[in-house]
Amino acid sequence: MTRTLLKIYTLFILLLCRQRDANRKLLVFLIDGFRHDYMDDLHNLPGFREIVENGVKVDYLTPDFPSLSYPNYYSLMTGRHCEVHQMTGNYMWDTDTQKEFLIGTNPDSRLPMWWDGSEPLWVTMQKLGKKVYMYYWPGCEVTILGVRPTFCEEYVYNPSEKNLTDSMENALNALKSSKADMAGIYYEKIDVEGHHFGPRSPEIQRAIRSLDQAFQILNQKIREKNMRDTINVVLFSDHGMTQLKWMEKIIELDNYINMSHIIKMMDRGPVVSLWPKQDKFEEIYQNLSTADNMNVYKKHEIPDRFHYKNGQFVSTLTLVAEPGWFITENKAKLPFWNNGTEAAGGWQHGWHGYDNEFVDMRGSFLAQGPDFKSNYRAGPIRTVDVYNVLCKTLGMNPLPNNGSWSRVECMMRSSAATAGASLISCCFLLLLTLTGVC
């Protein structure tokens with residue numbers, strides 16, 4: 001009888017350990033605009049340093065083209081290029097319905113037409129019966145393919161540090177209690193400060209240090225809650241940032257064309273979408289082609305390497321500025337920063353959206369947890385690769401995507417190594433129990 005009970009107990013312990021591995025949770029952070037070199041000074045960033053020492057850091061993360069936010073939000077969570085998932089810009093226009101997508105702020109931006117081009121990870125998880133909590137994540141408030149996450153703290157402009165730390169605490173509690181299988185937190189301040197003051201400004205350095213303090217708190221909370229062996233933490237950004245000399249490097253379209261011949265213009269900056277009147281198309285194309293510091297593409301001429309031209313909402317003419325240059329209709333229509341006490345100054349000193357291979361557009365990727373190697377430096381990866389990493393940590397089969405497993409496999413602990421470590425810990429637990437230590 002005693003031997004039978006021992007066998008049953010042994011089986012129970014081993015099953016418990018297997019269940020523990022199966023119940024590993026995932027916490028992801030989308031840090032908007034966090035350039036690849038923002039954490040180069042790890043000596044003075046102890047929060048980031050601990051994650052790097054305990055986990056994986058890639059050399060850099062190449063965004064999808066255009067190196068803008070919404071296209072890359074979706075590439076990160078679908079593993080697909082923009083022309084595949086159809087989220088091709090922060091500002092889009094549908095010629096059939098005349099609807100506009102305006103960086104997610106207007107009611108029409110929640111229409112399924114913009115989002116249903118591909119299935120993001122959180123939708124797949126919900127379909128599989130898993131639970132997802134999301135905090136300020138753009139798109140979590142949208143019904144995509146008929147599905148919404150279990151919980152969504154809707155996006156607000158530039159969430160505060162308190163919003164961030166509160167979200168961390170709430171997310172960890174939801175994951176530990178199994179209310180959530182994955183939690184995602186979006187943080188915008190790095191992007192906002194980079195735009196306003198530039199990527200090398202004192203303001204961006206302060207924002208980075210503030211974020212580092214939040215990650216120090218996160219690391220401490222994970223230890224206090226005894227979650228180091230049960231949670232994978234992944235941090236990534238959507239793009240980088242480059243210095244912008246406001247008003248000095250401006251391409252004014254009305255110097256080359258009559259804007260009344262344009263049916264629709266969407267966005268300004270590094271990438272501008274134009275829909276000229278049909279009878280003026282060739283004239284406008286030829287005139288814009290004479291402009292310096294800018295490439296003009298008919299839709300079918302857009303370089304294949306951009307993985308962009310087959311997008312449903314791509315315009316008939318796409319303008320792409322050289323790095324550091326800014327395309328607009330006219331200087332006079334640009335806003336200025338003015339606090340009422342000083343001379344009006346440049347509205348923005350940093351920008352992104354340029355050719356995705358431009359070095360300043362590179363983003364960041366860090367990860368730590370039981371499924372990742374420790375103190376490991378990996379080579380460059382691409383935005384579309386991140387999805388496969390997330391699926392791997394969740395034990396899910398990824399949907400067809402454009403990512404490369406070969407670029408990210410090196411950062412993962414092998415299944416055998418993970419299983420071996422788990423088995424050793426479980427056997428040790430069993431030994432302690434049998435000897436009466438616990």
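Every residue, even glycine, has its Cβ placed from backbone N, Cα and C.
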Identity of the substrate-site residue among SER69, SER260, SER374 (reference: ASP32, ASN90, ASP191, HIS239, HIS352, source: Swiss-Prot): SER69
Minimum Cα separation from ASN90 (substrate binding site), reported as the residue among glycosylation sites ASN258, ASN287, ASN402 that achieves it: ASN402
Densest Cβ neighbourhood among SER69, ASN163, ASN258, ASN287, ASN402 (recorded positions), 10 Å radius: SER69
Residue from ASN163, ASN258, ASN287, ASN402 whose C-alpha is spatially nearest that of ASP32 (substrate binding site), among the glycosylation sites: ASN163
Distance, ASN402 (N-linked glycosylation site) to HIS352 (substrate binding site) (CA atoms, angstrom): 23
SER69 (substrate binding site) in three-state DSSP notation: helix
Mean per-residue pLDDT computed across the coiled coil (162-226): 98
